[in-house]
Amino acid sequence: MVRLGLATTLLAAASFAQAAHLKAPNVVPGAYIVEYEDSHDPTSILNSIKGDATIRKDIRHELFKGASFQFKDLDKADDLASKVAAMSGVKAMYPVRRYSVPEVTVHYTGSAVQEVVAKRDTGKDTFTPHLMTQVNKFRDSGVTGKGIKVGVIDTGIDYLHPALGGCFGPGCLVSYGTDLVGDDFNGANTPVPDSDPIDNCQGHGSHVAGIIAAQTNNPYGIIGAASDVTLGAYRVFGCSGDVGNDILIEAYLKAYDDGSDIITASIGGASGWPEDSWAAVVSRIVEKGVPCLVSAGNDGDHGIFYASTAANGKKVTAVASVDNIIAPALLSEATYSVANGSLSTFGFTAGTPSAWANVSLPVWSVNFNTADAANGCEAFPDDTPDLSKYIVLIRRGTCTFVQKAQNAAAKGAKYIIYYNNASGSTKVDVSAVAGVQAAAMVTSETGAAWIKALQAGSKVIVNMADPETAPKNLNNFPNTATPGFLSTYTSWGPTYEVDVKPQISAPGGMILSTYPRALGSYAVLSGTSMACPLAAATWALVMQKRGTKDPKVLENLFAATAHPNLFNDGAKNYSMLAPVAQQGAGLIQAWDAANANALLGVSSISFNDTEHIKPLQSFEVTNTGKKAVTYQLGHTSAATAYTFADATSIDPAAFPNELTDAKATLVLTPAKLTLNPGQKKTVTVLAIPPLGLDAKRLPVYSGYITLNGTDSTGYSLPYQGVVGSMRSVTVLDKENSYLSQSSDATLAPVAAGTTFTLPPAGKANETQYANTVYPTVVLTLAMGSAEVRADVVNAKGKTIGQVLTFPAYWNARGTFEWNWDGALSDGSYAPADTYTITLKALKIYGNSKKPQDWETQTTESFTIKYASKIKRVFSA
């Protein structure tokens with residue numbers, strides 16, 4: 001019997017929910033993906049479900065032979081799925097998992113009514129994300145990705161945007177692709193595909209497309225990193241909701257079949273395991289010679305060991321995010337005058353509420369002290385005028401925006417403008433304050449200018465504008481907090497098997513790019529979603545410059561030439577390099593990758609954990625240049641990150657994990673090597689993990705092997721390992737794994753002996769049983785587990801089966817819940833009786849055949865009985 005992954009119907013193992021802190025994907029109730037054995041004729045499998053299911057996707061492909069289907073009767077879905085999984089010719093079976101549009105931060109958007117076309121900029125590339133990654137050197141030398149096809153799997157692309165080509169089809173910038181879902185698709189309903197992949201309602205894909213290939217006919221100087229590539233748009237999201245992994249698999253296979261040279265996707269969910277169906281298909285595409293880059297994820301707050309799928313797939317390039325060196329802002333334009341003089345323009349960020357249309361009033365301020373940290377934090381003086389006749393100007397600082405607004409509103413204020421105490425501007429929300437009709441923020445410079453005029457006794461009149469229709473001006477403020485450092489939101493690896501993730505980093509924080517015309521035409525967004533397409537564009541540039549499309553060669557080149565950076569927690573810099581688990585090889589340096597004369601045989605090394613340590617490893621170095629070079633080998637350590645806050649914790653600590661400067665010892669042989677042109681030699685690496693660390697806290701050490709050449713070139717190779725045993729860490733959080741009941745929103749444990757009256761077998765989804773209270777299995781994984789079981793044990797101590805949908809495979813860490821209607825995984829129902837449920841989680845690196853490799857927790861005993869079938873009474 002094949003492994004049947006975790007499924008969910010509406011009830012019987014029915015409802016599946018997740019704790020708020022977990023961002024693992026949900027599933028489509030009653031929907032499954034089945035993969036056939038390569039040589040098997042699927043006719044008998046499909047015939048077995050004929051009449052019981054509809055085919056969602058029938059995939060007959062060299063890289064994935066299978067189908068996804070939707071069972072019609074949700075009460076029988078998992079029973080039927082179990083039978084299909086046991087059939088001859090079934091290689092694997094998975095639930096259809098759902099992934100949402102990535103949660104990026106939208107800092108600013110343009111105006112939907114503003115002209116989007118401007119004079120073409122023919123000057124040099126000064127776009128800061130390009131300066132950070134050496135992309136500008138390609139453009140300045142005429143290398144722009146011409147002839148390279150980049151498939152973009154996302155929300156579609158607004159190809160009618162002038163900066164995105166203005167058309168779709170042969171000869172256009174966006175020349176191929178399709179819409180796999182339709183506008184109304186939300187992940188739970190039936191997709192309605194069509195041939196038009198336009199994005200008018202989401203924006204994510206249009207922003208991604210602009211990062212890759214925006215044309216220069218735009219008002220803000222935006223330049224795509226590889227503006228002459230050909231884009232393929234594969235729309236997998238509707239205007240709301242999420243998408244199933246069967247559609248993602250189909251999209252990848254279409255992009256592959258359409259001849260994409262690179263495939264990029266900024267989509268994912270918590271995992272840590274590379275074995276799920278979507279990740280497996282992406283890995284197969286890479287093995288066929290097409291590089292696949294996937295964003296690392298935006299869950300950095302969860303700390304280490306929170307890798308995302310499909311980025312955690314084998315050979316898939318996972319891309320982390322660093323912050324831009326500037327903070328671009330699209331500020332709405334308005335005017336002001338001093339002492340009835342001429343009008344001057346200024347920029348503002350509209351807050352909430354934002355009823356600024358036709359507001360023209362004098363400015364009033366509490367005081368004239370622009371260094372007053374507590375400006376507006378105290379009740380306003382008794383002699384304060386009626387502030388309904390003014391725009392109230394308040395400095396940002398100390399107390400909350402709401403508190404300041406409440407003090408102003410107490411004196412009649414309707415309109416409030418805050419001036420910043422730092423660089424730039426940001427959005428404020430004071431919608432909770434009664435009476436305030438509009439709020440906004442201006443820069444510290446604008447606020448200071450108004451305060452200076454007021455202090456001089458001049459009247460300042462501000463003429464605000466409707467932020468929905470006002471022109472937007474680009475202001476590039478310095479990023480003084482995190483310029484070029486890892487974004488705090490970027491997800492950390494490694495995988496639970498200690499594979500290195502992410503591979504590389506690219507600018508993703510505070511990125512200006514295109515946006516659908518209906519949503520403002522341009523926007524500033526932050527996320528690994530923005531880092532991934534920039535990296536994909538640099539892959540295209542190096543493909544063109546170097547003449548290779550080999551995924552392994554390209555990843556190795558980029559990793560060897562990347563620049564690791566220091567750790568920054570969002571507030572301060574540390575003196576240690578950021579761990580490899582956060583930044584991979586470091587910030588990509590594309591020009592150096594394209595012109596490298598040394599090619600390393602791998603992109604990273606994992607020494608694994610202490611129990612499974614692989615201390616002696618090797619890699620090859622090839623001289624691809626025309627001159628002999630001698631390399632001096634060495635290594636530099638990165639920060640070692642503790643997984644757990646202390647020796648008794650079982651849950652990984654939240655960001656920032658505690659760091660230490662403990663270093664591994666590496667013995668490199670030879671310590672120096674000379675390579676003639678075309679010559680290849682092997683370097684062996686002996687690793688001795690750092691000493692003096694608390695292995696119970698699972699410290700993850702890392703660093704970089706360095707190669708410094710006599711030709712003034714330098715290369716590095718990231719390495720990583722774990723002190724302690726992955727197998728020994730607690731996987732099952734027993735304290736938070738128990739039996740609750742579906743009627744309890746707090747999911748408190750039930751008392752022993754609780755009785756549940758369940759619907760008759762197979763009737764759980766009928767409306768007359770809508771108010772049934774079900775036993776709820778609550779299972780919390782402190783770390784990921786490759787297999788989870790829920791054995792149903794009767795009063796005699798006999799295991800009669802598992803809760804339907806178990807066993808569950810390749811599980812992320814977090815809390816899961818299942819309501820149980822008595823159904824078992826073999827399709828039968830547990831008889832009315834008294835039971836306990838034994839929850840089991842397989843340890844990392846555990847052997848499922850060894851009892852000692854399982855962690856278990858048994859619930860309190862409970863009794864189930866079944867309601868009698870309700871007889872319908874008909875009136876005469």
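Every residue gets a Cβ built from N, Cα and C, even glycine.
Pulled from TrEMBL, these are the features on record:
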SIGNAL    1-19  signal peptide
DOMAIN    145-572  domain 'Peptidase S8/S53'
ACT_SITE  D154  active site, charge relay system
ACT_SITE  H204  active site, charge relay system
DOMAIN    373-449  domain 'PA'
ACT_SITE  S529  active site, charge relay system
DOMAIN    605-719  domain 'C5a peptidase/Subtilisin-like protease SBT2-like Fn3-like'
Checklist entry - Counting every protein chain present, what is the number of Cβ atoms, excluding its own, within 10 Å of the Cβ of D154 (active site, charge relay system)? => result 29
Item to check | Model confidence over the domain 'Peptidase S8/S53' (145-572), averaged pLDDT | outcome: 96
Next on the checklist: If you count CB neighbours within 10 Å, which one among the active-site residues H204, S529 has the smallest count?
Outcome noted: H204
Checklist entry - Per DSSP, how many helix, strand and coil residues does the domain 'PA' (373-449) have? => result 18 helix, 16 strand, 43 coil
Checklist outcome for this item: One should report the C-alpha separation between S529 (active site, charge relay system) and D154 (active site, charge relay system), rounded to whole angstrom, as 10
Checklist entry - Could you tell me the C-alpha distance between D154 (active site, charge relay system) and H204 (active site, charge relay system) in angstrom, no decimals? => result 7
